[in-house]
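As written in Swiss-Prot, here are the features:
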TRANSMEM  4-24  transmembrane segment
TOPO_DOM  25-135  topological domain 'Periplasmic'
TRANSMEM  136-156  transmembrane segment
TOPO_DOM  157-433  topological domain 'Cytoplasmic'
DOMAIN    158-210  domain 'HAMP'
DOMAIN    218-425  domain 'Histidine kinase'
MOD_RES   276  phosphohistidine
């Protein structure tokens, strides 16, 4: 609100200031023109008075004579020697030319008496002093108006700002996965129509997600059913050799794995994910899981590099198992002989690291490997197995848990994947669509 208030207030104040300056310039031009005319008339009248009243009096007695005259003026009118005033060259030239010269610091005007070394001095003039004071008053008035403008601007902006905060909070909650979030503004609010549009958008997104879920469930049923029938018929067939039967079973298993990965990715790639939280002994779970992996892959070395004991807060172990399996499968697929795993605990974050001694991943490709169906050539392609969704699923799980996943170079020479997540107990729990 502070930034918006300052922007709007400055715009309003600058517009007001420009208009005031324009009006002031017009007024100043008019006032100065009228004042100059009045001053000329005053000086001419004074000179005429001097010619008529002081004609027979010597110049050195003019000042004394003027003092004795009762002119009933609000300012002094006196005759003084020109040498009394130390003027700059420009002012002196103007004065000798018969022009009126103003002494701003003394609020006095001077005009040379023709054919003499005397000047007619008028002042101090109260009007000039008043004009000087008016300048100070103008500055004070502008400052007062500037302060006065801030109050109505704040009063006008406050309800709008509250509605904006309300809309921002609703949009933030909706973006965090609370898809039932709706917003309602008071009748007459400037944001009422925007609130209606937001609610319509939310309803449409909810309907789209529900339709997507229904489509995924339908695809799962329609694809799995013929695969089950195909596997059953394959088992019942006597016309295939053992090698052919084994090859077909392998192809069917790959199709089933691909379907399962696609469905898993589709379920994760949405703003709502139902997290089933528990507080397991994560170091024990990791040790047990790696022992099982080592048992089924005796030709590779799968070991723990670093294991930090501690409390790892609440986790969805179903998702954590998928993360570990996908990272280990990826490492085992491309390693030469060794895969190392670490579990670290630092402050309010935990990190699961899986690294291998394989060919590694070039820096320019590390941002793209978490996209679905991305394969890297020549060492990481379809010939090594997999469907190209494993790391994309890991990335989606990281987003669901409020964490991150990245890739860099391992000390073993291959790729090093780091899956990091916050240790907050308030990990967002979303309701399923």
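Don't overthink the numbers, they just go from 1 along the chain as shown.
Glycine is no exception: its Cβ is also placed from the backbone N, Cα and C atoms.
Note that the structure is predicted; figures quoted are calculated from it, not measured.
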For the transmembrane segment (4-24), distant same-chain residues with Cβ under 8 A (at least six beyond the ends):
138, 142, 145-146, 149-150, 153-154, 157, 161
Summarise the model confidence on the domain 'Histidine kinase' (218-425) as a single mean pLDDT, whole number.
83
I'd like the Cβ neighbour count for residue 276 (phosphohistidine), meaning other Cβ atoms within 10 Å of its Cβ, all protein chains included.
11
DSSP on the domain 'HAMP' (158-210): how many residues come out helix, how many strand, how many coil?
37 helix, 0 strand, 16 coil
